[in-house]
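Trainee: Here it is, the structure, as structure tokens.
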Amino acid sequence: MAYRICLIEGDGIGHEVIPAARRVLEATGLPLEFVEAEAGWETFERRGTSVPEETVEKILSCHATLFGAATSPTRKVPGFFGAIRYLRRRLDLYANVRPAKSRPVPGSRPGVDLVIVRENTEGLYVEQERRYLDVAIADAVISKKASERIGRAALRIAEGRPRKTLHIAHKANVLPLTQGLFLDTVKEVAKDFPLVNVQDIIVDNCAMQLVMRPERFDVIVTTNLLGDILSDLAAGLVGGLGLAPSGNIGDTTAVFEPVHGSAPDIAGKGIANPTAAILSAAMMLDYLGEKEAAKRVEKAVDLVLERGPRTPDLGGDATTEAFTEAVVEALKSL
């Protein structure tokens with residue numbers, strides 16, 4: 001049986017990095033069937049919606065989805081909504097999984113191999129804001145249900161890793177009702193995972209420790225806003241957003257995406273770095289149970305990052321296509 005993979009290029013360099021990731025996926029030799037769909041700003045301009053209903057239907061008909069990048073306007077546009085935020089809510093993709101691992105590139109700290117698991121559906125990102133004259137108020141929603149399931153997802157990830165360690169990053173010392181509910185709930189769920197070493201850490205200390213001693217961390221679970229910040233910090237430790245993959249995972253489907261934006265300044269020039277998209281594809285293979293193929297893809301990427309060619313953002317002069325073909329050749333040699 002072939003795996004059905006939904007491909008959404010999105011905007012900007014998404015049109016370059018998703019075809020690159022597809023090329024690498026095809027080189028794995030796995031039985032794959034690709035289904036193309038559209039979403040993003042370009043789709044909104046053309047069709048009046050950033051996520052057409054048929055795109056949602058295609059995602060639901062596939063085993064997993066690989067998304068490229070989406071542009072967001074810098075002004076308020078009536079009727080527009082961010083494609084990824086919409087899909088997270090519509091498909092209940094409650095776990096945002098962001099690995100940060102040392103790579104053989106300039107600026108990457110050695111010894112980093114961690115995963116940040118971020119609750120993806122609530123917190124301050126419920127976008128319930130209001131303003132009264134000169135005062136603006138935003139609601140933060142933390143529920144026991146969402147805290148239980150993100151805690152369980154993070155604990156499963158930690159249980160499957162060699163160090164089996166989970167840090168719960170929180171701000172319960174200042175926000176005891178909301179952050180305290182999250183912390184207490186994850187601790188309660190952790191009783192079902194006796195093999196996992198569970199510790200809690202105040203988020204500001206966590207940020208400092210990530211900078212000073214990132215090698216101490218294995219898996220970190222936290223709330224939406226805090227995870228959004230910590231995961232970009234972690235990406236900065238290992239080479240930046242251009243190398244950062246991610247997965248938005250629910251109980252029935254998942255959407256994987258490179259963390260970088262649509263990069264309109266280089267879109268169409270053929271020099272975009274496809275590493276994050278290819279590593280997101282590797283995460284997708286792991287999600288599908290093809291763990292050996294996922295490891296081979298990651299190994300092939302590291303081989304090319306180490307010996308070249310590299311794209312301009314990493315100090316080289318390779319095109320997107322040249323880098324991709326080098327990864328394909330490395331993959332074939334493994």
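Glycine is treated like the rest: Cβ placed from N, Cα and C.
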Trainee: If Swiss-Prot gives ARG85, ARG88, ARG98, ARG118, TYR125, LYS171, ASN173 as binding (2R,3S)-homoisocitrate, which of SER72, SER108 does it give for that site as well?
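Mentor: The one candidate that Swiss-Prot places in that (2R,3S)-homoisocitrate site: SER72.
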Trainee: Could you check what DSSP calls ARG85 ((2R,3S)-homoisocitrate binding site) once collapsed to helix, strand or coil?
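Mentor: Once the DSSP labels are grouped into three classes, ARG85 ((2R,3S)-homoisocitrate binding site) ends up as helix.
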Trainee: Residues with Cβ closer than 8 Å to the Cβ of ALA263 (NADH binding site), same chain and 6+ apart in sequence?
Mentor: GLY12, ILE13, ALA69, ALA272
Trainee: Taking the mean position of the Cβ atoms of ASP204, ASP228, ASP232 as the Mg(2+) site, which residues outside that list, in the same chain, have a Cβ no more than 8 Å away, listed in sequence order?
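Mentor: After dropping the recorded site residues, what remains is VAL203, ALA207, LEU225, LEU226, GLY227, ILE229, LEU230, SER231, LEU233.
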Trainee: So among SER72, ARG98, ARG118, GLY261, ASP265, all listed as binding-site residues, which is physically nearest to ASP204 (Mg(2+) binding site)? Use the C-alpha atoms.
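Mentor: Of the binding-site residues SER72, ARG98, ARG118, GLY261, ASP265, ARG118 has its Cα closest to that of ASP204 (Mg(2+) binding site).
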Trainee: Spatially, which candidate from the binding-site residues ALA70, SER72, ASP232, GLY261, ASP265 is nearest to ARG88 ((2R,3S)-homoisocitrate binding site), comparing Cα atoms?
Mentor: ALA70
Trainee: How many Å lie between the Cα of LYS171 ((2R,3S)-homoisocitrate binding site) and the Cα of GLY261 (NADH binding site)?
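Mentor: Between the alpha carbons of LYS171 ((2R,3S)-homoisocitrate binding site) and GLY261 (NADH binding site) there are 29 Å.
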Trainee: Quick check for the class: what is the C-alpha distance, in angstrom and rounded, between ALA70 (NADH binding site) and ASP228 (Mg(2+) binding site)?
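Mentor: The Cα atom of ALA70 (NADH binding site) is 17 Å away from the Cα atom of ASP228 (Mg(2+) binding site).
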